[in-house]
Each structure stands twice: as structure tokens, then as C-alpha cells.
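Novice: I'd like to ask you about the structure that follows.
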């Protein structure tokens, strides 16, 4: 029977059942200790006062006088973060899709990364509705299939976002380290890594949970749950590989910048790439190494703020760095804006001048030639082929 605190096994009348305090009490107190006892009577289990439960399990009443306000504030914080990220990521995908000159392998990888963070934000919203608004009635029996599907989808989206960050690191390293490589051939390999890798591990985790630990809604991760490492290990491995790639990228950039054979313009390109690489540190997930190997119950409040609130704005940072601050994207938007203004001016001007067909065609031809010969237009048209200067 589930009594909102713990799960109690069946017992005979008059039998006293003693269980250890649930593991989640360790999140509220470093001095996690004690047991809980109930007696089975003809009228049911004996009741336990909440204060007695708190004292037995090391729950410090003085240090938790906020009555859950901190956790509610955390929930509001990451909801705002994922909402902002969702808006900016969606806008970034629209921009990269509608401008044909931005269609290249690098931006295709960016769009897949954006989609992974969009799915992550959607999964968080769905999980909150299912777990917190609908609620879990009985944590002793297995949860509903729909609830488990939501948790599986949530875990898949989290892992996919990490794997696509890994793909970004692999592509940037290949761009610098490999002299000649087929971007189209590598792109399909990146897709298999970004979407196929999480599919394999999440499927393995779901099967093992269903057969060996089918309890609740699969949302509570206990310290004794060895199957959780099926998800945690690939994520930690992707973070570690990205850290190694980051060191290699910095080393390659330093060699290229200090090389006496390169020209000034090429040196400036590598310098800009080095600065942008420093901004990619939080995107590569290197910052998650700080809490990767620390037990879950240590510095819980700091971990919640760091992982949930700051992590929810990661999609926003990705969209800003890879799209809105991208010189290639800004140049294309400005070019389209100038062309729209020019067409609007020409359309309003022809209403009053009524030029002949010959003069209109001649004027349009001159405008077209001026547009083609413009240095800014020439720079924008070749921007997708210059990978180093616009990352």
C-alpha cells in the first residue's frame, strides 16, 4: 500500500512492519537515517504523525520552512527558460529554412541541434503536466503505459540534445583537422550519431526497466538503480569526447594562428574562430562535468538551479550563437531587407511614372547588374562556402 510517504508490503493482523526511510529524504538532509514502523490491525495500518516521520528520517524542519517555495520557484524558472528557448529556436529554424543561400551542411547540423532542443522543451512541458498536474496515485504498482512513454520520450530528448552537441564538436574538429572530406557523406553519419545513438540506449533502458524494475512511472531514480547507468554513461561519454575535441580544436587553432605561412586575412579568420570556439564551451556540455560524478544528494539546491534553470536556457544560447549572431545570417537578412525596400520603392514609383516596357526592362537589368556586382551581395552569395569565417 502507498501512503504518500513509502510503499508498505502486505502483513498479518498484529504484525509490526519496519522499513528503512525512503531514499528521497537524503535530498533534504545530509544526516539521512532511521526507519519507519507500522502495525497491521483489523482496521488497517496504524497512522504515523508527519512530525514523527520527519524526525525518524532526518528531515530538518527548521531548514525547510519555505514549504516547497524553492522547488516551485525552480519549476517556474526552468519553465520560463524552456519557453524562451522554444521561441528563439523555432524562429532560428524558420530563418535557416526560408533563405536558400543558408542551405549548407553546417546549417543543416545546426537545424538538427535546434530540433533536439525544441523536442527537449516540449518533453519537459508534457512531463510536468503528466507527473505534477495529473499526479501519481500509487507508487507501489507499475504506472500507466502513457506515463512511461512520456518519461521515455523525455529521456530520449535529453540524450539527443547531448549527442547533437557532440556532432557539432565532431564537425568543427573535422573542418579543421581533415583536409578533404565529403560533407554529404559525413552528414549522414552525423544523423546516425545524433538520432540513432539515443534510440539504441533509450530502447535498451526501456526494455530493462520493463523486465527488471517496472515500478511507478520510471521517473524516480534511486541510488540502487543500476539501469540508470544505461542512460548516464553515454551522456557522460559524449561530454568527455566533446571536452577532448575542445582541447584538440584549441590546439589546432593555436598552431594555425601562429603559423608564419598564412596571410593576414586567414589569420583573422582563425582568430574569429578561436573566439567563437570559446563561446562553445557551455554548448559542448563541458560545464556539466562539474556535477557529473558528485552524488545526487550533495548540494541539491545548487544542482537544481544549475541543471534545471540554467540548463533550460541552453537552447536560447544555442539559437543566439548559431543563428542570430551569425554574420552570414545577418548579411542575408539585411540583403533581403534592402531588396524588399527597393522593390517597394520601384513599385510605388512606377505608379506615377508609367515607363515604357523597353525602359522598364533596361532599368531592371541595370538594378540586377548592380546587385550582382555589389561587394556585399558577392560576399553573401559565397558565405555558405566559407565555413571557417562564419562559425
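Cβ coordinates are placed from backbone N, Cα and C, and glycine is handled just like the others.
Note: TrEMBL annotation is automatic and uncurated.
Here the structure is a predicted model, which means the values were calculated and not measured.
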Novice: Which residue range, 306-325, 326-345, 346-365, is the one TrEMBL calls transmembrane segment?
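Specialist: From TrEMBL, the annotated transmembrane segment range turns out to be 306-325.
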Novice: Which is it, of 52-75, 76-99, that TrEMBL names as transmembrane segment?
Specialist: 76-99
Novice: Among 76-99, 111-132, 152-175, 187-207, 306-325, which stretch has the most Cβ pairs under 8 Å to the transmembrane segment (227-253)?
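Specialist: So the stretch in question is 152-175.
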Novice: Count, for each of 76-99, 152-175, 187-207, 306-325, the Cβ pairs lying under 8 Å from the transmembrane segment (111-132), and report the range with the highest count.
Specialist: 152-175
Novice: Give the one range among 152-175, 187-207, 306-325 whose Cβ atoms make the most pairs under 8 Å with those of the transmembrane segment (76-99).
Specialist: 306-325
Novice: Give residue numbers and ranges for long-range contacts of the transmembrane segment (187-207): same chain, 6 or more residues beyond its ends, CB-CB under 8 A.
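Specialist: Distant contacts of the transmembrane segment (187-207): 105, 108-109, 112-113, 116, 148, 152, 155-156, 159-160, 163-164, 166-167, 170-171, 227, 230-231, 234.
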